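To start, the structure under review is shown below, and the notes come after it.
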Amino acid sequence: MQRRLPAARAPAQPRTHRYKRRGRRPESAVPGERRPERTSEARGDGEAASIPDRPAMNTIDLPTLFEHVEGENFTETNLTCGSGDCITVDSLSCPAMLNRNALLYTLSIFYIFIFMIGLVANFVVVWMNFQAKTTGYETHLYIFNLAIADLCVIITLPVWVVSLVQHSQWHMGELTCKITHLVFSINLYGSIFFLACMSVDRYLSVACFTTSSSVKKKRIRRCICIFVWLFAFFVSIPDTHYLKTVSSNNETYCRPVYPEENAKEWLASMELSSVILGFVIPFPIIAIFYCLLARAISASSDQERKSNGKIIFSYVIVFLVCWLPYHVVVLLDLLLTFHFLPFSCQMESFLFAALHVTQCLSLVHCCVNPILYSFINRNYKYELMKAFIFKYSAKTGLTKLIDTSRVSEMEYSALEQNAK
């Protein structure tokens, strides 16, 4: 049983297709490839249905074979099985409705841009925290861990892009398959959890714990960060455990292979858990606590309140825009899998494209996080200015590095005003 990647699965893996669905033929990632003549046979002795000129195949091989079948006309095969134990292959004519090669190659280019921008932006945030020594104050510890998580997600993208342009084929071994997925999954969940923790921390710091000692708050934040990493690790284990390299027709794929007796239940549980942990729980937390924070700081001056309100609003909207489309499409795919939605070729083609596009959109969040939570924050801009300041001379056209130890906050404010 194959499955499409969940929310915490690497986005570069193209959507795979179920094969035990009546009236549906999983489509190929290789358009135009001819389908061999195949027959369906009664299976009374426990053997798999056979295909002429091919060795007997098991249920792991069948989906891989079906992925190479596209653009052909099929008819439903009806069998009479005396034993009641038989394989039937129900199929439907689904002409290729979109150029999948063009889609996958275009998305690969976008992933490369996300990789380059996210790598630089998150590396700057991590490096800046090391240089400025500010990770123990306010929410800097969360921002530091958020940047590490996003950086680790970004680092795995080249591996998934290589697999994507090869139509999900995997030539790097099963261990690499598991490790890459585990790193991606842990850090993607960690990134989302840190955003939720940050929203709660910011509100509580303003509304409830204004008099608490900084040492105590620092200790609490460290414990929370450790818990987030451990929780992200444990929720990533089940799906990673079932990942295997599956070979068929001289091609190898990195895919989850669930227990055959309850594969659909595993599929549903994995996808629903990814939606719940990746969006249903964290988004309300982020939205509610940032709304409470906006209300708590409403007593500030009009200009400051408007500025803070825009920033808080952007936190909620960016998370919603990046993650809601993907999880909606995942749920639609799940409804189609369990026959709650009628199958059609148009829906199949739409879901294939929508899953890939929304996966790409969701990873834009790793590039936006450093900007939203670091670069537009005045304190972080000050620390960045202290850590790495260049002074340009219009007369000589030379640029030199200023001694950062001599830059005070007052001088930074003057530089900021001149920049405006």
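Note: Cβ is positioned from N, Cα and C throughout, glycine not excepted.
TrEMBL annotations: computationally assigned, not manually curated.
Some features that TrEMBL has for this protein:
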- 1-53: region 'Disordered' (REGION)
- 1-14: compositional bias 'Low complexity' (COMPBIAS)
- 15-24: compositional bias 'Basic residues' (COMPBIAS)
- 32-46: compositional bias 'Basic and acidic residues' (COMPBIAS)
- 102-130: transmembrane segment (TRANSMEM)
- 121-373: domain 'G-protein coupled receptors family 1 profile' (DOMAIN)
- 142-162: transmembrane segment (TRANSMEM)
- 182-200: transmembrane segment (TRANSMEM)
- 220-237: transmembrane segment (TRANSMEM)
- 272-293: transmembrane segment (TRANSMEM)
- 313-338: transmembrane segment (TRANSMEM)
- 350-376: transmembrane segment (TRANSMEM)
Could you check whether the transmembrane segment (350-376) and the transmembrane segment (220-237) come into contact, where contact means at least 3 Cβ pairs under 8 Å with the two residues of each pair 6 or more apart in sequence?
no
Do any residues, 6 or more residues outside the transmembrane segment (272-293), come within under 8 Å Cβ-to-Cβ of it, and if so which ones?
6-9, 188-189, 192-193, 195-196, 199-200, 202-203, 206-207, 235, 312, 315-316, 319-320, 323-324, 327, 330-331, 334
Examine the transmembrane segment (220-237) against the transmembrane segment (142-162) and state whether at least 3 Cβ pairs sit under 8 A, considering only residue pairs 6 or more apart.
yes
Contact set of the transmembrane segment (313-338) with the rest of its chain, CB cutoff 8 A exclusive, min separation 6+ beyond the ends, reads 4, 6-7, 15, 18, 21, 192, 195, 199, 264, 267-268, 271-272, 274-275, 278-280, 283, 286-287, 290-291, 294, 347, 351, 354-355, 358-359, 361-362, 364-365, 368, 372-373
